[in-house]
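Trainee: Take this structure first; my questions come after.
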Amino acid sequence: MPELPEVEVTRLGVNPHVEGKTVTELILRRDGLRWPFPANLRELILHQTILSTGRRGKYLLLHFHHGSLLIHLGMSGNLRIMPSTTPPQKHDHVDILLGEQMMRLTDPRRFGAVLWHDHADGALEEHLLLRHLGVEPLSDQFSPELLFKQTRQRNAAIKQVLLAGDVVVGVGNIYASESLFRAGINPKTAANRISLKRYQALAIAIREILAQAISRGGSSLKDFVGADGKTGYFQQSYFVYDRAGEPCRVCQGTIRHITQGQRSSFYCVNCQK
Ligand SMILES: [Zn+2]
């Protein structure tokens, strides 16, 4: 599943090819993916210029003068830039033609989404799918104090609070596991039992690990394809994620695997308290 770094890498990859470009055609090969496509989407964006790109959580945003297109890659989606004449394959559902090049959305499992937010409907941040999102982990709003304050009433395990996305957004399973390891926090620890000092270590770990993943070109999706057609998958060396039974790279203890909220967690009992 593409996590925040993959979406940001995708945005960085497509941005030079789409920013300032005008939509010359929109081809939808289905009625929708996870949700129906907006019925009048072609009329909305045809002959309109993409002013800039953005991202909120795992939503990639294309900003037009009158609204924004929200694209979610779901479980298996990817966006690529290619010549507009490239014949579609089975899972190529959406083509946004920009003259001689196009941006193509491929999504085998079809959990992705393409939605429109019109400026007439208010601020984009208030969109139904965006308004409940926590702060961006790489923004100035994200801080140890925020983690501390927002968890005082939360007795759920810290790993699940991170995954819930309402405090901080985009820290998915891999990055939550790795960040908690780096901060020395057991994933089962109740969020409201963690001190400000320990949240300082966690906030730094989250920022560093996400920034590192973005700089390496994304990591978590095996069939992630880069915007230029090259693979964007980077085989990272994890400390705990997916390493059940293997020795901890720090203390040589055995990495444990537990299930929390139907998601796998990996941690070291020695290094994480
Ligand atoms: Zn260890």
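The backbone N, Cα and C atoms fix where each Cβ goes, glycine too.
Automatic prediction, not curation, is the source of TrEMBL annotations.
Values in this document were obtained by computation on a predicted structure and should not be read as measured data.
According to TrEMBL, the protein has these features:
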{"type": "ACT_SITE", "residues": "Pro2", "note": "active site, schiff-base intermediate with DNA"}
{"type": "ACT_SITE", "residues": "Glu3", "note": "active site, proton donor"}
{"type": "ACT_SITE", "residues": "Lys58", "note": "active site, proton donor"}
{"type": "ACT_SITE", "residues": "Arg263", "note": "active site, proton donor"}
{"type": "BINDING", "residues": "His91, Arg109, Arg154", "note": "DNA binding site"}
{"type": "DOMAIN", "residues": "2-112", "note": "domain 'Formamidopyrimidine-DNA glycosylase catalytic'"}
{"type": "DOMAIN", "residues": "239-273", "note": "domain 'FPG-type'"}
Trainee: List every residue in the same chain as Arg109 (DNA binding site), at least 6 positions away in sequence, whose Cβ is under 8 Å from its Cβ.
Mentor: Gly74, Met75, Ser76, Gly77
Trainee: If you count other Cβ atoms within 10 Å of each one's Cβ, which of the recorded positions Arg154, Arg263 has the most?
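Mentor: For the recorded positions Arg154, Arg263, the Cβ with the most other Cβ atoms within 10 Å is Arg154.
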Trainee: Identify, in sequence order, the residues in the chain of Lys58 (active site, proton donor) that are 6 or more apart from it along the sequence and have a CB within less than 8 Å of its CB; answer 'none' if there are none.
Mentor: Pro2, Glu3, Leu4, Val7, His72, Leu73, Gly170
Trainee: Reported in the order helix, strand, coil, what are the DSSP residue counts of the domain 'Formamidopyrimidine-DNA glycosylase catalytic' (2-112)?
Mentor: 20 helix, 44 strand, 47 coil
Trainee: Comparing the recorded positions Pro2, Glu3, His91, which residue's C-beta has the most other C-beta atoms within 10 angstroms in this structure?
Mentor: Pro2
Trainee: Looking only at DSSP and grouping its letters into three states, which state does Arg154 (DNA binding site) belong to?
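Mentor: Once the DSSP labels are grouped into three classes, Arg154 (DNA binding site) ends up as coil.
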Trainee: Count the residues of the domain 'FPG-type' (239-273) that DSSP assigns to helix (H, G, I), to strand (E, B) and to coil, and report the three numbers in that order.
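Mentor: Looking at the domain 'FPG-type' (239-273) with DSSP, the answer is 0 helix, 14 strand, 21 coil.
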Trainee: Could you tell me the mean pLDDT the prediction assigns to the domain 'FPG-type' (239-273)?
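Mentor: Residues in the domain 'FPG-type' (239-273) carry a mean pLDDT of 96 in this prediction.
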